[in-house]
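Features reported for this protein in Swiss-Prot:
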type	residues	note
BINDING	582-589, Lys609, 657-663, Arg781	ATP binding site
DOMAIN	201-294	domain 'Ig-like C2-type 3'
CARBOHYD	Asn76	N-linked glycosylation site
CARBOHYD	Asn135	N-linked glycosylation site
CARBOHYD	Asn149	N-linked glycosylation site
CARBOHYD	Asn269	N-linked glycosylation site
CARBOHYD	Asn286	N-linked glycosylation site
CARBOHYD	Asn306	N-linked glycosylation site
CARBOHYD	Asn318	N-linked glycosylation site
CARBOHYD	Asn338	N-linked glycosylation site
CARBOHYD	Asn343	N-linked glycosylation site
CARBOHYD	Asn356	N-linked glycosylation site
CARBOHYD	Asn453	N-linked glycosylation site
CARBOHYD	Asn469	N-linked glycosylation site
TOPO_DOM	533-960	topological domain 'Cytoplasmic'
Amino acid sequence: MEGAHLAWELAHAVLLLSLIPAGGSVPHEESSLVVNKGEELRLKCNEEGPVTWNFQNSDPSAKTRISNEKEWHTKNATIRDIGRYECKSKGSIVNSFYVFVKDPNVLFLVDSLIYGKEDSDILLVCPLTDPDVLNFTLRKCDGKPLPKNMTFIPNPQKGIIIKNVQRSFKGCYQCLAKHNGVEKISEHIFLNVRPVHKALPVITLSKSYELLKEGEEFEVTCIITDVDSSVKASWISYKSAIVTSKSRNLGDYGYERKLTLNIRSVGVNDSGEFTCQAENPFGKTNATVTLKALAKGFVRLFATMNTTIDINAGQNGNLTVEYEAYPKPKEEVWMYMNETLQNSSDHYVKFKTVGNNSYTSELHLTRLKGTEGGIYTFFVSNSDASSSVTFNVYVKTKPEILTLDMLGNDILQCVATGFPAPTIYWYFCPGTEQRCLDSPTISPMDVKVSYTNSSVPSFERILVESTVNASMFKSTGTICCEASSNGDKSSVFFNFAIKEQIRTHTLFTPLLIAFGVAAGLMCIIVMILVYIYLQKPKYEVQWKVVEEINGNNYVYIDPTQLPYDHKWEFPRNRLSFGKTLGAGAFGKVVEATAYGLFKSDAAMTVAVKMLKPSAHLTEREALMSELKVLSYLGNHINIVNLLGACTIGGPTLVITEYCCYGDLLNFLRRKRDSFICPKHEEHAEAAVYENLLHQAEPTADAVNEYMDMKPGVSYAVPPKADKKRPVKSGSYTDQDVTLSMLEDDELALDVEDLLSFSYQVAKGMSFLASKNCIHRDLAARNILLTHGRITKICDFGLARDIRNDSNYVVKGNARLPVKWMAPESIFNCVYTFESDVWSYGILLWELFSLGSSPYPGMPVDSKFYKMIKEGYRMFSPECSPPEMYDIMKSCWDADPLQRPTFKQIVQLIEQQLSDNAPRVYANFSTPPSTQGNATDHSVRINSVGSSASSTQPLLVREDV
């Protein structure tokens with residue numbers, strides 16, 4: 001059957017060829033012929049005259065076969081015979097055939113590597129051996145979708161024609177078709193797309209400008225990027241320059257060439273522009289770098305502000321200088337009155353590089369004082385040059401009248417000071433008046449202006465003296481001296497009476513002598529009273545809030561600058577006062593009932609802090625500062641929280657939480673006889689210990705030698721059931737509170753309670769540290785205890801009579817708790833978070849010694865100071881767990897930076913709680929809303945100066 005089919009095909013081919021008329025003038029018509037592999041192929045051209053046969057197939061490496069025979073004959077057809085056959089006569093195609101040779105094993109004739117040009121059509125060579133197929137198409141080798149913008153035309157005789165090839169078409173493809181119901185896939189065809197230049201090359205220079213000195217090396221790199229390596233690039237030739245080149249491919253369609261131009265030693269004549277140029281078929285581009293070679297370096301200063309500056313006292317000021325320098329500056333300093341300034345809390349310097357060889361320097365002056373006016377100089381230099389600029393800073397201060405006195409010869413003198421120099425005006429009005437400013441001014445007799453140093457402009461406050469002759473006034477009256485400067489005014493009044501002068505005949509009469517002696521004695525008495533008053537301790541808020549000034553340096557924030565929110569105001573008529581809880585030299589704390597503090601119909605017991613009638617202005621300001629500090633801190637379960645205040649319509653009242661058990665120190669001493677110590681509990685039934693309540697504390701005066709620091713402890717062991725406390729949740733009613741108070745007060749005290757107290761105080765101090773607040777007087781006497789045995793940190797301040805408290809030692813005009821103070825606080829007047837940690841260690845010793853005084857038997861004298869300096873520390877209290885004594889010792893580290901933070905102490909004690917009594921702290925867990933976000937105060941304070949009234953170290957060298 002195959003032979004018969006072939007014979008029919010050949011006859012059909014011969015018939016078609018023989019139909020072409022002679023001459024070849026009729027346009028040919030292409031036909032296709034399909035034969036099987038191994039069959040005979042015979043094609044005959046019946047054209048008169050000579051003919052030529054041409055054969056072309058899909059193999060690009062195969063040469064076109066030409067034959068001059070009338071007949072084309074192939075005995076054994078193979079897939080290599082697949083192609084187009086053309087019969088030509090006299091150069092014209094008479095007819096053509098495309099012959100398919102079916103091979104059951106091969107459906108596609110594939111060219112595995114194809115190169116195409118971007119934006120052109122490309123043929124993926126995969127012609128078919130058998131045209132009888134379905135769904136002749138294209139796919140990617142990895143099975144991923146074809147590019148979205150790809151369009152192609154399948155051609156059984158040629159393959160797949162892809163239109164408008166793009167760079168993204170690059171990849172591996174396969175032709176596929178359905179043949180005899182089976183999908184056939186070709187071998188891999190790799191398509192490479194040669195990019196077309198659509199833009200100029202991109203040139204990037206390593207620098208656009210270079211400033212050098214003679215003899216220095218100049219090097220600049222030109223980076224050219226393009227789609228392929230056909231790009232041309234070069235530096236425009238310079239005789240003294242050396243150019244090196246490097247190149248690399250950047251992916252499929254990226255190419256980079258680096259041309260580095262180098263001049264080993266530049267000269268002034270090398271100054272100019274250097275151009276790098278690049279070219280591709282799209283066009284040319286270039287970039288230029290400028291070189292400026294100098295014979296010598298330079299420094300140029302530009303003052304961006306007026307060099308004469310007026311600043312009000314208390315305000316911040318900035319001095320800014322811009323400058324250019326080459327080479328780079330070696331020295332950049334700010335000087336004040338020819339002395340170099342170092343960064344401190346009062347001033348700090350910021351340097352910044354703003355560009356090539358361009359710099360700025362800023363001197364920040366913080367809260368300028370009247371004494372900080374003067375000449376500020378900025379000096380900058382390098383190896384070749386130097387320059388400086390000077391600023392004259394004048395600090396304006398308000399005028400102040402120092403004296404208004406009657407001199408001899410009826411001369412009245414008024415002395416005022418301020419900057420700039422104040423102008424003094426005199427006013428007179430008859431009679432005794434409180435103001436005379438509406439009266440006409442009086443011309444002074446003489447005005448003198450005094451400067452600190454007359455040879456240079458004065459930057460400090462200027463003294464102005466003005467005098468008038470009181471004899472010009474014919475009647476008794478009031479004279480006013482007013483000093484005015486920059487709109488600020490200060491005035492003082494002087495009342496005088498015109499009296500008839502009585503001329504005495506004897507100067508030194510007995511009466512005059514007696515009067516002189518009495519006046520002298522009176523002056524001495526007044527001086528003694530003034531001295532006593534100055535030695536009287538001033539009330540001051542112990543809690544101090546700090547702020548960061550520069551890096552790790554901090555200063556105290558003036559509490560008067562803290563805001564006060566009037567939402568804390570509470571009506572005075574809703575307070576009903578009760579008994580006095582505590583009293584001091586300046587004020588007192590009174591128990592009170594507040595009606596409608598949180599609910600309109602509810603009464604609540606509170607503590608109200610107030611001043612005594614004898615308090616002065618400084619004490620009133622201090623109480624207001626304490627109120628502002630409490631409102632700034634916010635609420636926490638372990639501090640005495642602010643509930644309200646009365647600041648309007650009467651004396652200031654500060655309303656805080658009421659703590660029913662008083663201070664922790666006295667609570668511990670009350671519970672000594674019922675304390676349960678684990679070290680003695682198992683022997684409690686066999687031994688009776690001396691009651692600690694009857695054990696007298698040794699006085700400081702009675703002990704001169706070293707004493708063992710372990711206090712004696714006695715116990716009264718209650719039954720185990722007595723230690724079980726009910727756990728309450730939710731809010732307390734009045735009855736609940738009363739019952740809770742009775743239950744807590746009757747319960748015995750054990751180590752778990754002491755751990756709980758230690759933990760709560762550490763939590764409270766961690767909260768204060770997170771608020772940048774330093775306590776400065778942390779001790780058991782300053783910890784209050786309320787129902788549920790919850791401890792609360794407080795500052796008694798005005799409500800403690802420190803004059804009669806032996807814990808406070810007199811130093812200067814201050815009374816300080818020396819035995820609770822860290823060495824740096826004693827010797828350097830430095831109060832930090834770390835000094836609070838030291839005091840906390842002393843408090844732990846108080847706790848586990850059940851209220852004993854620290855350093856028992858040791859008076860605070862030069863020997864005590866010397867022992868502290870040499871590293872003496874107290875022994876462990878008898879009932880202290882070893883872990884708690886380890887915490888005490890770490891708190892007493894001589895290096896403040898080696899002491900733990902309060903957050904770390906909280907974590908250490910939590911381990912003790914979890915190991916011994918997991919339920920201890922469960923009764924007084926605090927809702928998250930009131931805990932605050934207490935974070936570890938990881939930033940250590942380098943130096944915080946005490947703002948206490950005593951600014952000198954407690955121990956001078958002679959005391960040791």
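Glycine is no exception: its Cβ is also placed from the backbone N, Cα and C atoms.
On a predicted model such as this, the values are computed, not experimentally measured, just so you know.
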Mapped onto three states, the DSSP assignment of Cys660 (ATP binding site) reads coil
Select the closest residue to Asn356 (N-linked glycosylation site) from the following binding-site residues, measuring between CA atoms: Ala585, Glu657, Cys660.
Glu657
Do me a favour and check the Cα-Cα span between Asn135 (N-linked glycosylation site) and Asp663 (ATP binding site); whole Å is fine.
97
When the domain 'Ig-like C2-type 3' (201-294) is classified with DSSP, how many of its residues are helical, how many are strand and how many are coil?
3 helix, 60 strand, 31 coil
Looking at the recorded positions Asn269, Asn286, Ala585, Cys660, which has the shortest Cα distance to Asn149 (N-linked glycosylation site)?
Asn286
Say you check the Cα of Asn469 (N-linked glycosylation site) against those of the recorded positions Asn269, Asn318, Gly582; which is nearest?
Asn318
Could you round the CA separation between Asn306 (N-linked glycosylation site) and Gly582 (ATP binding site) to a whole angstrom and send it over?
59
Cα of Cys660 (ATP binding site) to Cα of Asn318 (N-linked glycosylation site): how many Å, rounded?
53
Nearest recorded site to Asp663 (ATP binding site) by CA-CA distance, among glycosylation sites Asn76, Asn286, Asn318, Asn343:
Asn343
As a test of reading the model: what is the averaged pLDDT for the domain 'Ig-like C2-type 3' (201-294)?
90
Sorted by position, what residues of the same chain at least six away from Asn76 (N-linked glycosylation site) have a C-beta under 8 A from it?
Gly38, Glu39, Glu40
Glycosylation sites Asn269, Asn286, Asn318, Asn338 vs Ala585 (ATP binding site), shortest C-alpha separation belongs to Asn318
Taking only the CA atoms, the spacing between Asn343 (N-linked glycosylation site) and Lys588 (ATP binding site), expressed in whole angstrom, is 43
Given the glycosylation sites Asn286, Asn318, Asn338, state which is nearest to Glu657 (ATP binding site) when distance is taken between Cα atoms.
Asn318
Looking at the glycosylation sites Asn269, Asn286, Asn318, Asn338, which has the shortest Cα distance to Lys588 (ATP binding site)?
Asn318
